[in-house]
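Noted in TrEMBL for the protein shown:
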TRANSMEM  9-27  transmembrane segment
DOMAIN    72-408  domain 'Membrane protein 6-pyruvoyl-tetrahydropterin synthase-related'
TRANSMEM  74-94  transmembrane segment
TRANSMEM  101-120  transmembrane segment
TRANSMEM  151-168  transmembrane segment
TRANSMEM  180-198  transmembrane segment
TRANSMEM  204-221  transmembrane segment
TRANSMEM  228-251  transmembrane segment
TRANSMEM  300-317  transmembrane segment
TRANSMEM  329-345  transmembrane segment
TRANSMEM  365-384  transmembrane segment
TRANSMEM  391-411  transmembrane segment
TRANSMEM  542-562  transmembrane segment
Amino acid sequence: MKFRCSQRFILWVMAVLLALPVCLPLFNSQFFPMHDDTQPSRIFLLAQALLEGQFPVRMVSQLGYGYGYPLYNFYAPLPYYFGALFYLMGFSVISATKIMFMLGIIISAVSIFLLVSSVFDNYSALVSSMFYVYAPYHAVNIYVRGAVGEYFAYGFIPLLVYGLIKILRLDIHKPSQVRIGIISVAIGLSGTILSHNISGMITGYFLIIFLAILIFFRLIYKKNMKPIIFLIIGLVIGLGLASFFFLPAIIENGWTNVASLTKKGSDYKNHFVYLDQLWNSSWGFAGSAIGREDGMSFKIGKLHLLTALLAFGILLVKPKKTTGIGFKLVMTLSIVFFLSIFFMNDVSRYFWSIIPGFSFIQYPWRFLNLTIFSLSVTAGSFFNHLKNKKLLITSITLLFFLILGLNLKYFKPKELLLITDDYYIESENLKYRISKISDEFLSQNIPIPIKEAEVRQSLDNISSSKTSFVKEKDTAADKRYSVTVHNNGEEVATNIAYFPGWRVFLDGKKENFVIRDGFINLNLPIGFHILEFRFTDTPIRIISNTISFFALILLVYVSLFWKGYDICQEKKQ
């Protein structure tokens with residue numbers, strides 16, 4: 001037993017070490033451009049909001065052209081909390097961003113190792129980890145798109161599946177192992193949602209289908225339903241942990257321009273993938289386009305596909321050589337694989353039009369995350385059939401160098417640039433250049449500035465020049481001014497974009513205001529006043545925060561005090 005534990009630990013460490021070549025471009029003083037070139041800015045602003053006392057962070061300053069931007073009310077925040085932690089520890093914002101990038105890569109390597117080692121063996125897990133980390137689409141997300149949230153979610157999905165398997169194998173585990181399953185499901189699901197809400201939605205649809213089928217067959221064959229109960233407990237805790245984010249994001253998105261994400265260039269109808277593009281498509285650093293004019297690659301990886309097909313073939317020919325849970329896992333993932341291919345192709349257009357929320361996925365090729373996950377686990381299972389230790393180690397060694405030779409070249413940016421933190425955190429850059437990259441969460445009716453000179457300034461657009469303002473406090477969620485008004489009924493036009501939760505106080509008392517062109521406007525009486533704008537929680541945010549708080553308490557209870565219950569044992573499957 002000691003040998004198995006030490007072997008597992010050594011191979012686990014190897015999985016992390018073998019993933020490091022993917023991170024090599026991050027080990028230097030330079031940085032690189034990407035599609036979503038706002039990552040350091042998001043880390044900086046989240047850290048700033050934390051220092052100002054916001055938690056959970058929803059509103060950030062300076063983005064949204066400086067009008068107030070509810071970024072983390074809608075944009076999955078988890079990776080940026082990790083990045084902000086390192087920034088607050090003293091790292092530069094660019095260094096903190098690189099550490100955040102590396103952390104997402106390592107999570108992927110570790111989580112899939114944990115999953116596969118629990119079903120097959122440690123060597124199979126090492127192989128799956130290599131395939132998962134070195135997938136071409138993983139390189140696209142890291143160095144082409146800069147899709148941090150998406151590849152963090154990519155790392156949490158295996159943990160979710162690991163928890164599912166732990167719970168469903170109650171017949172061969174001690175009852176106390178249920179606890180590990182519940183914790184893994186909860187963290188895996190909440191981590192996926194809080195990393196990338198679109199990946200969370202896709203995963204949610206597959207979970208609903210899986211759970212429905214599972215319940216159906218357990219009822220038909222009159223099997224023990226306790227695993228279903230424990231699985232639902234894990235899922236409920238996971239949803240509860242993430243509710244502080246996804247409930248307000250769903251309910252309050254009508255105040256924003258989020259709907260624009262499904263139109264024009266981001267309309268899913270323009271981004272279906274041709275099957276041959278999954279086998280081979282030219283590498284590039286541009287974006288997705290209509291038809292075959294894409295400037296980025298959607299290749300699965302020939303070695304990934306061929307090894308997985310070989311493993312699947314052996315499983316079909318000699319099913320008895322694969323453990324019961326291993327057989328079921330590979331068969332389930334083969335269905336996930338074909339469904340993900342189906343939804344990437346134009347033949348699924350009808351289903352995209354009728355399934356609720358699918359239009360917000362925007363790009364059908366996002367299903368590549370599940371495609372790669374399915375192939376990586378299946379490919380690793382092949383090595384579970386190699387019983388000769390020398391042959392096994394030799395095969396894995398050769399495979400690693402083959403993967404490096406084929407795929408490492410994709411894990412590099414288009415170029416490395418000498419960029420300082422100021423490029424991402426200076427107020428002038430944030431209020432226009434960075435804001436232009438992503439402004440879909442601005443309140444509706446806000447006029448979008450075409451040039452920097454059109455950006456509206458703070459409290460200077462007033463009906464009389466005789467009113468004077470002195471700024472006393474200016475944070476993302478709390479702004480205070482001392483105001484001297486010379487004409488009664490003076491109307492002040494602020495540069496604060498209205499979003500539910502903003503309240504205005506005049507001399508400590510709540511003041512009414514109007515919304516003009518999306519901005520907060522108000523009339524001030526003559527005299528000297530203290531004018532304050534506070535961003536507060538709406539009822540749905542209070543409710544969702546409370547749900548997350550109690551879900552966290554429940555998770556801590558399960559982790560530290562829950563011993564498991566007596567479980568009716570079934571025959572080993």
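Just so you know, the numbers here start at 1 and follow the chain as drawn.
Every residue, even glycine, has its Cβ placed from backbone N, Cα and C.
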Beyond the flanks of the transmembrane segment (391-411) by at least 6 residues, Cβ under 8 Å: 18, 21-22, 24-25, 123, 126-127, 130-131, 134-136, 139-140, 142-143, 283, 297, 301-303, 383
Segment-segment contact (the transmembrane segment (300-317); the transmembrane segment (365-384)) at 3 or more Cβ pairs under 8 Å: yes
Per Cβ pairs under 8 Å, the stretch of 9-27, 151-168, 329-345, 365-384 packing most closely against the transmembrane segment (74-94): 151-168
Cβ contacts the transmembrane segment (180-198)/the transmembrane segment (9-27), at least three under 8 Å, sequence gap 6 or more: no
Proximity of the transmembrane segment (101-120) to the transmembrane segment (204-221), 3+ C-beta pairs under 8 angstroms: no
Residue numbers, six or more beyond the limits of the transmembrane segment (228-251), whose CB comes under 8 Å of its CB atoms: 56, 58, 72-74, 76-77, 160, 163-164, 167-168, 170, 178, 181-190, 193-194, 197, 200, 207, 211, 214-215, 218, 538, 540-541, 543-545, 547-548, 550-552, 554-555, 558
